[in-house]
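According to TrEMBL, the features are:
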DOMAIN    1-88  domain '2Fe-2S ferredoxin-type'
BINDING   CYS40, CYS45, CYS48, CYS70  [2Fe-2S] cluster 1 binding site
BINDING   CYS110, CYS113, CYS147, CYS149  [2Fe-2S] cluster 2 binding site
DOMAIN    216-397  domain 'FAD-binding PCMH-type'
BINDING   SER330, ILE331, GLY332, GLY333, ASN334, LEU387, ARG411  FAD binding site
BINDING   GLN755, PHE786, ARG899, GLY1073  Mo-molybdopterin binding site
BINDING   ARG867  substrate binding site
ACT_SITE  GLU1250  active site, proton acceptor
Amino acid sequence: MDLEFAVNGERFKIDSVDPSTTLLEFLRLNTPFKSVKLGCGEGGCGACLVMLSRYDQELDQVKECSINSCLTLLCSVNGCSITTSEGLGNTKKGFHPIHKRFAGFHASQCGFCTPGMCISLYSALSNADNKEFTVSEAEKSVAGNLCRCTGYRPIVDACKSFASDVDIEDLGFNSFWKKGDSKEVMLKSLPPYNPKEHLVTFPEFLKKIKKLHNGLDHSRYRWITPFSVAELHNILEDADSIGSLKLVVGNTGTGYYKDEERFDRYIDISQIPEMSMIKKDEKGIEIGAAVTISNAIDALKEESKSFYVFKKIAAHMEKIGNHAIRNSGSIGGNLVMAQSRKFPSDITTLLLAVDASVYMLNGRKTEKMRLEEFLELPSVLDSKRVLLKVEIPSCTAACGDDTEFFFKSYRAAPRSIGNALPYVNAAFFALVSRQEPSRKGVTVDKCFLAFGSYGGDHSIRAVEVESFLTGKLLSYSVLYEAVGLLKGIIVPEKDTPHPEYRKSLAVGFLFEFFYPLIESGHRLHNLDTGKSLPFLSSSQQVLESNEYQPVGEAVIKVGATLQASGEAVFVDDIPTLQDCLHGAFIYSTEPLAKIKSISFRENVTPTGVFAVLTFKDIPDQGQNIGSKTVLGTGPLFADELTRFAGQRIALVVADTQKHADKAATLAVVEYDTKNVEEPILTVEDAVKRSSFFEVLPMLYPESVGDVLKGMEEAERKIISAELRLGSQYFFYMEPQTALALPDEDNCVKVFSSSQAPEYVHAVIATCLGIQEHNVRVITRRVGGGFGGKAVKSMPVATACALGAFKLQRPVKMYMNRKTDMIMAGGRHPMKISYNVGFRSDGKLTALEFTMLIDAGFETDVSPILPRNIMGPLRKYDWGALSFDIKVCKTNCLSRTAMRAPGEVQGSYIAESIIENVASSLQMDVDAVRKINLHSYDSLRKFYKHIAGDPDEYTLPLLWDKLEKSSKYKERAEMVKEFNVCNVWRKRGISRVPILHQVMQRPTPGKVSILSDGSIVVEVGGIEIGQGLWTKVQQMVAYGLGMVKCEGSEKLLERIRVVQSDTLGMIQGGFTAGSTTSESSCEAVRLCCVTLVERLKPTMDQMMIEKLGSVTWNMLIQQAYAQTINLSASTMYKPEYSTMEYLNYGVGVSEVEVDIVTGKTEILQSDIIYDSGKSLNPAVDLGQIEGAFVQGLGFFMIEEYTTDEKGLVVQEGTWDYKIPTVDTIPKHFNVEILNSGHHKNRVLSSKASGEPPLLLAASVHCATRSAIREARKQSLSWNYNEGSGSDFELPVPATMPVVKSLCGLYSVEKYLQGKINGQ
């Protein structure tokens, strides 16, 4: 049988294929459909999602679900229909309502994740069938998708707009309705959605394929599909002659384990009836091993009183992975990974708690065994045994008036439902009784206590604790003893992160399960405290301005619908040429060593390898250069010496990206560390060895006032306080990528995903030793940058250019996520030590501090950090300020600029100091903040001319305005009341101001009017999702509209901004620092002024001659006839005296901390931000929300760490967690203040890209406040660990960090207190 399937209704028939080929590889390399993106290759980001439709001939039914095409093997879609986002709708056949609503709700910024989001929503809508699609389902539909740009709120609103139970007025800012519209008008204004019209139909030609019970032809596909257990047994018996086998259902395990080995045969076990059935009766439920997790959940959920426990298991299983993983991954696969490969499985824990059994195929026999026995077997993967099915007994123990059973499961993970492995999971089942009404108390008759993911071999039953509790009357002392026993059982293996935290979680879960029984003394009917996630809600106050129409209007982002349908072209979407080669970097794993040789494992050149390029392959006339800024250069490859772990050593060039990546992992680099000095791996080492980068005087900020005098005036001081800040990874959705094409006459053309094509251009020319006119670099759009596609994009493009130049073949590189993370650099870690003086009323008198910044080995942009840090740090009136900032040169990964580089750290350092001052005075921290806000005079003292005019200093106004709109004072009182009434949950609220200094830079622009009146625009700035093209388009429409002819007010749709081309538009500079949009706008406005001046005489002449109206087209035709130059270019150079300015904002956040787990839930965040007169309030709102959520990641979730050699530890979505839908504020309210006229700004607008990120510190400070309350409570229990008000909350404040500060042993201390009668 041939492999046959459909993609977007188009038939594909494949003669033969490597069985390890994924659906994603096929779609991207062999079809014109490019909406399916490779973001992680692990099933962890949602960028690769497609809709899979299967036709059931017997039931005449089509079943649909979303799947990860990066994990799904191509052979497994035989007979299926695949739908990508282009298949829902596109430019040719019209966009789908999902695409239109995503665009209209401003839910797409860089657009790389948007097609996957659309498929997630479409899948949820199609599965709603005839049921109502609810708000809850809408929110959960995108819970497993990652987006780094938007902050999720507009995405959720677009999804909720399809829900039948949505309150239309709760939906956020969009382009469909105007202020004051009635609900009826609002509903009618949405692009209409009708399931009958807008759901994709299954192709008829696939329905006609007869279901042959012989699967694919083994010889051509190496893919075997057995249709019975007997057939499977025969295949396994012949395994020795067949070669290595892999049993597959959804292949989701490779997302976690990344199979290194190749298998001779793949066995698809999904068609074996015994393995794919679900059987239910009064005894319980049997689930075949090949049943998907989603189907198991559906079966467990089905309504029935006796299956109360099953519904609880199903609810827990919905937190595993994401929709697509659950739709593909099987129950059996999950259990086998847990048994054989120590996978931290939730399902194993759940099934242990209900005493489940499994059936195994062993030879021709079927064995039944309890799950515990199965887990203790030698690795099933290394044997010929196969897991056939799972049996879960029904838990319908006889319950009378005095007996009751209950079941509860627990899970502590960085995200509630958004694809994160747990630190610990647990599931408990207990049968309890009350002996007689007069006796208060509950006896445990029977219990199963299962724990998993804590760092052991697999999930376990705590049998000793079960035995101890059975027959006992529950009391605090009994529970205390049980906890003591449990701590001896939960023993994480060596090298498990946070072992004590994991132990404390296990203790906490046991306590949470039993203590309500002791507290209530009887029934548990009403003690189920399972919290359901509240819906997300938001409000946006945005003022559209019509002074400079269409500038100031909330115009939809350029290309938003194209991005949603997946037709927007990114570098990797450019069709691959026939002879194209692909590159992957080999990087160093040593921090400082001589490189003796580079070879491959077993000295065998891997499949497909064409060449290995090192520094020796750089042309004689060229230089070993991979990056440059105005501050210095960095090498493309290490030479004889590697100077940090993660440094590029060589480029493997192969026939496919898969082969190049594989070869890079098989590379063997021989190092020699003899006669090499010790590497510098810490800032302390750098100080000892005086290893620093020079910071030019012009980049080093000035101190303010007399610190000695300020310290003398201080009534109180904090001396030698210390804090450290870690790093953060960009996690742009599109990894680093470039394509280089050799051209005639020693030329090279490069497509680069870069924020700085001009610099990429210069680096390539220098490296190859050719003139710059021989190089052309083209950048159309970038799938997220955040600073990471500036300097760090240069070596990727340069390496491809070197390969193309040397081999005379096109060379493309699409960096895999692991390598990208290892090389990206990210934010600068730093260590700060400070002394601060203040009065007893909280007024600051002086601050002095020293700071050590770890810049890594290369200069990059690190010398600008001191200046950037000091901008926001001066937001308070310190009285006097002095500092010593050293930029340390270490043998570590070179750090680079990441969104608000230095500014976010500087702003946070100020907050941390203020927090400690308030704590030492036992004052309300909000009062300390307020008393130290600048007056205009002190602002001038600290910022000089950058402070601007008095009326531009809007921070005090914002501070007061947000106090009222957020009801800050009332909520602060409510938080206090909540904390008095709740033992195990504490809340905190915090208000934080920001002040962020930005600088405009010279920027080029060019506007040309074509003969039909359409307009083409080029700018130096790059569209990276920040809406730069949209604002530029609006500005050109405004600028040319000044000609005042008929139709000139409707020019917006006639303007196209085209890709950056370094030979067409020179001196583009960096797109960075938040001001490129406004600078590009001003550049094109100046071009328009020139064009209008040229057109004016013609216009006036025509008005006289026509004696009537002159249309735009008539004017342009006449201008062409008169050979008027209708192309104008300019270089906008901002005035030196006004090029820098200050941005202001205030944020209030309220959080709730769970003391048992350390989980922080953000209940509400309110932001007010002054963006002057916004050029596009929809774009600016997206920037504000997206920046805030990225800041949230830095302060609360994201850990980007290195090992003892300086090599990055995190490898992808499994261990690097960015915020998801379930981690953002539950109530998220944003107001953009339109602060009126700013004469020195571009049409009075201000920047919005980076400053709002700093406001996320309000969440961290609120968490600190909640922890402080928990520590006060600990003190009242005479418990010193995790008590006292003086503490430093690290960044990020992850769950283990928060829990350890609240007290790892709080449960034990609480129980001790109860035993002692406290």
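Each residue, glycine too, has its Cβ placed from N, Cα and C.
The least crowded of the binding-site residues ARG411, ARG867, ARG899, judged by other CB atoms within 10 A of its own CB, is ARG867.
Once the Cα atoms of SER330, ILE331, GLY332, GLY333, ASN334, LEU387, ARG411, the listed binders of FAD, are compared pairwise, the greatest separation found is 26 Å. Of all the binding-site residues listed (CYS70, CYS147, CYS149), CYS70 has the fewest other CB atoms within 10 A of its CB. Per-residue pLDDT, averaged across the domain 'FAD-binding PCMH-type' (216-397), gives 91. On a Cα basis, CYS48 ([2Fe-2S] cluster 1 binding site) lies 22 Å away from PHE786 (Mo-molybdopterin binding site).
Neighbour count (other Cβ atoms within 10 Å of the Cβ, all protein chains): 24 for LEU387 (FAD binding site).
In terms of Cα spacing, the binding-site residues CYS113, CYS147, SER330, GLY332, ASN334 that come within 10 Å of CYS45 ([2Fe-2S] cluster 1 binding site) are CYS113, CYS147. For ASN334 (FAD binding site), the nearest of the recorded positions CYS48, CYS149, GLU1250 in terms of C-alpha separation is CYS48. Look at the domain '2Fe-2S ferredoxin-type' (1-88): DSSP puts its residues at 16 helix, 31 strand, 41 coil. Within 10 Å of the C-beta of ASN334 (FAD binding site) we count 26 further C-beta atoms, all protein chains included. Within 8 Å of the centroid of the Cβ atoms of CYS40, CYS45, CYS48, CYS70, where the record puts [2Fe-2S] cluster 1, the same chain has further Cβ atoms from LEU24, LYS37, LEU38, GLY39, GLY41, GLU42, GLY43, GLY44, GLY46, ALA47, ASN68, THR1213. The Mo-molybdopterin-binding residues named in the record, GLN755, PHE786, ARG899, GLY1073, extend over a maximum Cα to Cα distance of 12 Å. Using a 10 Å Cβ-Cβ cutoff, SER330 (FAD binding site) registers 29 neighbours.
Residue environment of ILE331 (FAD binding site) contains 26 other Cβ atoms, counted within 10 Å of its Cβ in all protein chains.
Neighbour count (other Cβ atoms within 10 Å of the Cβ, all protein chains): 30 for CYS113 ([2Fe-2S] cluster 2 binding site).
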